[in-house]
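Before any comments, here is the structure.
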Amino acid sequence: MEIKHLLFLVAAACLLPVLSMKRKSAKKLFNKLVTDLPNVQQEIVNIHNTLRRGVVPPASNMLKMSWSEEAAQNAKIFSRYCDMTESNPLERRLPNTFCGENRNMTSYPVSWSSVIGVWYSESKYFRYGLWPSTDDDISTDRYTQIVWATSYLIGCAIAPCRHRGSPRYFYVCHYCHEGNDPETKHEPYKKGVPCEACPNNCEDKLCTNPCIYYDEYTDCSLEVRFLGCNHSTPRMFCKATCLCDTEIK
């Protein structure tokens, strides 16, 4: 047997236990990150609410987020595809609304706080009231989705997968209502004194009175003004405008 061949076999024999230990360690970490665990759900919600109440400038209408099991199930289904391409909006719809989406892929299981921190780090490119850069290398969409005022439900999932032959971990969060409206993306919330828009429904700088409905038309105020909420079109497609008077929408 050639000496090079022998050295290769020795090196491989030494490497196999290391790889086995790494796989076991990764599996152990992954099992602590699955979003079926109530403590993981609460961690994700708490991180988001902490970031939302700390926006600069402060927000007057920022809603407190809660966990949605239905949104989490949609995220779980999509996470199994291990695809960084945005999912079909119909695949992340809830009964009353559509949901936005943030995605991340790693080569090793990392904490949810680390993943959410990656998304939030886009805040360094964001200036309230200014339109986002058109530079393809600069994005603020994941940050603005995190701090979108009217998003009040969140559901997330993580899935192990393989990408080009290597192990990967795919993280997905769905935010409902959906954020990143192209018309208002430069102002994801209303600037002002915390809870100014919800003085009777406030909890630690966050509003607790979401409108559970969603306007599917962008010009619902005009639709309602000219047709009224008794008309079939506004009644079906402008539910937030018609049914929510004091709630945050």
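Placed from the backbone N, Cα and C atoms, the Cβ positions cover glycine too.
Here is what Swiss-Prot records for this protein:
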DISULFID  Cys195-Cys202  disulfide bond
DISULFID  Cys198-Cys207  disulfide bond
DISULFID  Cys211-Cys244  disulfide bond
DISULFID  Cys220-Cys238  disulfide bond
DISULFID  Cys229-Cys242  disulfide bond
DOMAIN    45-175  domain 'SCP'
CARBOHYD  Asn104  N-linked glycosylation site
CARBOHYD  Asn230  N-linked glycosylation site
SIGNAL    1-20  signal peptide
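Sequence features annotated in Swiss-Prot and their locations in the structure.
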residue : record         : DSSP class
Cys195  : disulfide bond : coil
Cys202  : disulfide bond : strand
Cys207  : disulfide bond : strand
Cys220  : disulfide bond : helix
Cys229  : disulfide bond : coil
Cys238  : disulfide bond : strand
Cys244  : disulfide bond : coil
Notebook entry, point to check: Which of these recorded positions is closest to Cys198 (disulfide bond) if you go by CA atoms: Cys220, Asn230, Cys242, Cys244?
Noted result: Cys244
Next item on the list: May I ask for the distance between Asn230 (N-linked glycosylation site) and Cys244 (disulfide bond), taken between their Cα atoms and rounded to an integer number of Å?
Entry: 15
Check: What subset of the disulfide-bonded residues Cys195, Cys207, Cys211, Cys242 lies within 10 angstroms of Cys220 (disulfide bond) at the C-alpha level?
Finding: Cys242
Next item on the list: Among Asn104, Cys195, Cys202, Cys229, Cys242, these being the recorded positions, pick the one whose CA is nearest to that of Cys211 (disulfide bond).
Entry: Cys242
Notebook entry, point to check: Just checking, which of Cys207, Cys220, Cys229 (disulfide-bonded residues) has the fewest C-beta atoms within 10 Å of its C-beta?
Noted result: Cys229
Check: Quick one: DSSP breakdown of the domain 'SCP' (45-175) into helix, strand and coil?
Finding: 44 helix, 37 strand, 50 coil
